[in-house]
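To start, the structure under review is shown below, and the notes come after it.
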């Protein structure tokens, strides 16, 4: 789930807002940061992190960034050979299969923990 937008790196371009399929983020206004407005809607698809040219977004998978030995910012884009800033941004999309599968598994596990009959509440993992 998206947990952090770093103010010292973010250029307020709103690429993360535009690419998010679940409308988790609200647009940056007047040089401010985009707002993580609906974190519980995040399905951990990593698209915001992939499209961030400044490596200003951290999507946590169970571990806060502060607890990691090495700074993970930008690792996903590098590890998966993704360059979302080319003329054809979907050219390297096939390389994301494993990453997207991980996001689906995280989202499915989170959904499975919801109390039955309560579609709006979810327990955190």
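Glycine is no exception: its Cβ is also placed from the backbone N, Cα and C atoms.
The domain '4Fe-4S ferredoxin-type' annotation in TrEMBL covers 1-30, 32-62.
Nonlocal intrachain contacts for the domain '4Fe-4S ferredoxin-type' (1-30), taken as residues 6+ away from its ends with a CB within less than 8 angstroms of a stretch CB, comprise 36-45, 47-60, 64-65, 73, 106.
With helix defined as DSSP H, G or I and strand as E or B, the domain '4Fe-4S ferredoxin-type' (32-62) counts 8 helix, 5 strand, 18 coil.
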